[in-house]
Amino acid sequence: MSNSSRGPAVRASPAAGSSAGSSDTLSGSPDSFLTVRSIDLLKSRDGLNRREHRTDAFIHDKLIVRRGQTFQMWIDLSRPFNPKTDRLHLELRLDYMFTSVRGIRIMVWLVDDLEDGRWEMKIVEQKDTKIRLSVNTPASASIGQYKVSVVTYSRKGGMIFPYAQNNEFYVLFNPWCEDDPVYLDNEAERRECVLNNMGRIYYGTELQIGTRTWNFAQFEEDVLEASLLVLERARVSVTAWGDPVIVCRVISALVNSNDDQGILEGNWSESFAGGTAPTAWSGSGDILRQYYKSSGTPVKFAQCWVYAGVTNSVLRCLGIPTRCVTNFSSAHDTDFSMTTDIYIDDKLEVIKESTNDSVWNFHVWNESWMTRPDLPVGHGGWQVVDSTPQEPSQGSYRCGPTSVTAVRNGEVNLKYDTPFVFAEVNSDKIFWQRKADGSFSQVHVEKNSIGQHISTKAVGSDMRIEITHLYKHPEGSEEERMAVETASRYGSKPMMYPFPLANDVTVEIIMEGAGPRMGGDAKLSLILKNRSSVQRSTTLLCEVLVMYYTGVLKASLKKERVPVILKPQEIKSIPWILQYGEYMNHLVDQGALMLTVTGRVNQTKQILATQFNFRLRTPDLTITPVGEAVMGKELTVKISFQNPLQQVLKNVVFRIEGLGIQSVRKILYGDVEKLATVTLTEKFVLVFSGPQKLLASMDCRQLTQVHGVADIVVKRL
């Protein structure tokens, strides 16, 4: 047998008159002690166990199995096993791996027939002194690293083959097992949400959706250990490690480091000194390895898509079907009102110190698939898990798991964190104006501006699909309004739910095509409609602000007042332009801008108000393989990029990963002149065959979110 492990045998309970050093201990006599010479857990990556349990992709030298499924092992004994007089059982130990915290002990008994739901084993083959066992794991077993010892009994007494470093195996969740709470009944979805190590993360604005490929790296070296280290950091009993609801809630807290020693330290400032800019990461592998090898020191730095990418990696690694989801125009409700409140003064300008709620251009979280026995029937399926630290939940920065079904129906009384997620996707944006006495009154309501184009990667392809319908009923429908009203009753302003305001003038902001590019002028249009039969007039206040993608404002770039006269039933388009010179020295990490337009109709005193988020699109990296890609051979790849700005890019760094590379290749390029084109030539030795992806990103202070991906099919020799 291969992959065997050996260790000394220890007496368990010797028979009367016998001694541990008796010569018949190693005798082949049926009446002699029965000892274990070696254990073979059949742990090779291409062996039957790893293939049947779909864990052969793990770059790991230990046996990794999925619970609720049997696995095979061999035991080599000192003599042939006699079922009439001999007995044996396994003792499994599940402890914390990285501290001295003790866990649980499990006895696995030898039976004639295996039954589902139990730790049991049976002999399926016997060859001389060797026996092959089929070991059954229950679908409720705790995940983690199990250590194995063997206890044998004969007429002479008992012997223990003790725990040894080589006698370990890992147990994961099993979405292929119908009895596992994470069971997913679609094979294509299981392959996508558990086995696919590459994915797509979406960013930008609702009208300018950008895409970046992310290397989840869930099967790479040290990632499994890092994931279990995170569980241990939560100080949760290992008996709870079998519950995906608890595991997801723990992971959502421990991927961020706000109130614990979690994986990632967030940074929404303009300086990333001492760490890596969030936009520079393109995969989770380096992050998790760095965290593991530093014994749990938080990695710098992250923003929402990095938190989501790492959460996706950890949960897929542990066997929970998980995907990344992006919500555009994502609200951040700070006062549990279930509304997004904008406060303006008598001059129609936003009162920034009073407006605590914000709307992020986009926010990325995760969905994990599981049953929810802790909720009413019908609330299982996709659950929101969000590791970005926004608001505390039960004393810790975490969010979820939140039933998507509960969000859709406005059932914000159901755990966990449903009110916060509901507000992110379906809160009404309410404009409040300060009156002379200092109080505020509602002057305008936008019912369908929050929660747009909720997106995830399609199963089996790199296409983007929209899943907004999973989070809310069609905007404006009776069902959607009922969900909003249901949710509001549980909020901090249950008696102040917005009511419709009569109006006959509307204003909206329109962007043509894919929108403006970095380095050029930004051009939008203001569309006003007068639905009345008489003339209307107003003066629009147009203010454009630079902001972080989270909705936090940095600075005002341009403010102007535009007088407008509308004839009866007239539709008028007014061009609005932001020149390159007006923004070039003021942008922050995502090139994000927000145009706010407010006004008062002179004849009716109707308030007009709307906001429009947009970004300045960045160029892509072009990745071009040179020649044929053959496993075991060297492949040359050219990576090209053109600086779109009329300024020098300082301290440019390129990062490359994929194609089976076990660590990110980092290239410190230096400066790139204004409007200059850069071409890198890199060589790779191809170690895997089949469809592969090569990812590249460029990062510098002046320009972020520049990346590219190439699909490369590697042939066998």
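Keep in mind that glycine also has a Cβ here, set from the backbone N, Cα and C atoms.
Copied from TrEMBL, the annotated features are:
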- CYS304: active site (ACT_SITE)
- HIS363: active site (ACT_SITE)
- ASP386: active site (ACT_SITE)
- ASN426, ASP428, GLU475, GLU480: Ca(2+) binding site (BINDING)
- 296-389: domain 'Transglutaminase-like' (DOMAIN)
- 1-29: region 'Disordered' (REGION)
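A map of TrEMBL features onto the structure.
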residue: CYS304; record: active site; CB count, 10 Å: 27
residue: HIS363; record: active site; CB count, 10 Å: 27
residue: ASP386; record: active site; CB count, 10 Å: 30
residue: ASN426; record: Ca(2+) binding site; CB count, 10 Å: 25
residue: ASP428; record: Ca(2+) binding site; CB count, 10 Å: 21
residue: GLU475; record: Ca(2+) binding site; CB count, 10 Å: 15
residue: GLU480; record: Ca(2+) binding site; CB count, 10 Å: 18
- Shell list (Ca(2+); ref centroid = CB of ASN426, ASP428, GLU475, GLU480; cutoff 8 A): SER427, LYS447, ASN448, ILE450, GLY451, LYS472, HIS473, GLY476, ARG481, ALA483, VAL484
- Which of these active-site residues is closest to ASN426 (Ca(2+) binding site) if you go by CA atoms: CYS304, HIS363, ASP386? HIS363
- Message: If I take the alpha carbons of HIS363 (active site) and GLU475 (Ca(2+) binding site), what is the distance between them in whole Å?
- Response: 20
- ASP428 (Ca(2+) binding site) to CYS304 (active site): how many Å between their Cα atoms? 23
- Message: Between C-alpha atoms, which of these recorded positions comes nearest to CYS304 (active site): ASP386, GLU475, GLU480?
- Response: ASP386
- Task: Rounded to the nearest Å, what's the C-alpha distance separating GLU480 (Ca(2+) binding site) and ASP386 (active site)? Just drop the number here, would you?
- Result: 24
- Note on the structure: Quick note, GLU475 (Ca(2+) binding site) and ASP386 (active site): C-alpha atoms separated, nearest Å, by 24
- Segment confidence, the domain 'Transglutaminase-like' (296-389), expressed as mean pLDDT: 94
